[in-house]
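Here's the structure, in structure tokens; my notes come after.
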Amino acid sequence: MNATPDGPATAAAGPTSRGLTPWHFVLLFGMVSLLADMVYEGARSIIGPYLATLGASAALVGLVAGAGEFIGYALRVVSGYAIARTQHYWAWTITGYALTVLSVPLIGVSGSLVPALLLYGTERLGKAVRSPAKDTLLSHASTNTGRGSAFGVHQALDQTGAIAGPLLLAAVLSAHAGDYRLAFGVLIIPGVLVLILLFWLRFRVPDPRSYEELPAPLPSHDAETTRRGGIARGLPVRFWQYVVTIGVLSCGVAAFPLLAYHAQRTGLLTDAQVPVLFAVAMAVDGAAGLVMGRVYDKRGPLTLLAVPVAAACSAVAFTDNPALVWIGVAVWGIVNGVLDSTVKAVVTELVPPDTRAIAFGWLALLRGLALLIAGALLGAAYDVSPTIAIGVIIAANAVSLVGLASVLRRLHPAVRNVS
């Protein structure tokens, strides 16, 4: 008998008891993310220029982008513990998606800066609520599909939506002379489809843990397990070393709203071209997650050493050369594709199933804090000079490369012995 993700102890459902194999589950969950990404990545592609029309400065746009990422990432540590305690994975997942898909269309009708910022924060809160639960549900199916491959395929589908959403908004803005209200409003359609598919998937697979034979918990005397009490109990030391380095790495990654702000302010791109730029980044993001997932399954965590190098190269997006802006944002997409997929695959192997929601929450907290710092710092640096922003990005990634190389060399021999 097992406790289901949304209720008391019941017999575990077989992995194909209602016709869904692990790969079916991964693919259908990917469709949920595809539709949801049409909503929130579509909004993210135009939020920078939209805030500018409401009177926001570059510093404010950078701070808002960083704060939004901080909310979306940092609060996951809170939701992660709540999810691990309640085991209501589906309820948290559905609630989080509902917050996102209902708040985004309202941004366009807000009409002023403060309501728009509050609604953008609500969208990020929805991501914080659902993400640890969603990643945990997906991690169970990934046991039988390959860790990197499952997260990579999911990321590829996710980014398909992240391409479709911005392209849809580009068409709307082009056809309706920059009508942001209409652009945000059309996103209610994929939002409703997200909720319909989630409820259907919850019915078909009430307990995805049935895909995975749970390993024995880590013994209390394990030298690799954190011995401090309270909220950090039970997470391996290797995990903490890993998430700290990922946090440092994230400090060297610019937020897209600031990149879009630069492209529009300098006249390099029109309002309609900005979401197309984002769509290109998302296409590269999805491909990078898929390819790196396969490479990870074959080569291991050392593949992540390419990420800080790519992140440093993405700084060319802050130049005044239109071609370099497109190239820089495409490289930025590679970085985010790996951070949103392969990075999670490592966590799945470092941490046992019963504490994965907590681990994903802590990973998100470190990334969110780093993105908040990066958003505020790069926005302020940009207001002084784009060249200074470029220098900050390169310096941060040089530091992260050294730290990540040290951690991954120690991590590589042992990482696959945990799961």
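For all residues, glycine too, the Cβ spot is worked out from N, Cα and C.
Keep in mind the model is a prediction, meaning the values are calculated, not measured.
As written in TrEMBL, here are the features:
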- 23-415: domain 'Major facilitator superfamily (MFS) profile' (DOMAIN)
- 20-40: transmembrane segment (TRANSMEM)
- 52-74: transmembrane segment (TRANSMEM)
- 94-120: transmembrane segment (TRANSMEM)
- 182-201: transmembrane segment (TRANSMEM)
- 239-260: transmembrane segment (TRANSMEM)
- 272-293: transmembrane segment (TRANSMEM)
- 324-347: transmembrane segment (TRANSMEM)
- 359-382: transmembrane segment (TRANSMEM)
- 388-408: transmembrane segment (TRANSMEM)
Region pair the transmembrane segment (182-201) / the transmembrane segment (20-40), three or more CB pairs under 8 Å: yes
Stretch in 52-74, 94-120, 272-293, 388-408 most in contact with the transmembrane segment (324-347), if contact is a CB pair under 8 A: 272-293
Same-chain residues near the transmembrane segment (359-382), Cβ under 8 Å, at least 6 residues beyond its ends: 58-67, 69-81, 128, 131-132, 135-136, 235, 239, 243-244, 246-255, 258, 262, 318, 339, 343-344, 347, 350-351, 388-389, 391-393, 396
Mean of pLDDT values spanning the domain 'Major facilitator superfamily (MFS) profile' (23-415): 81
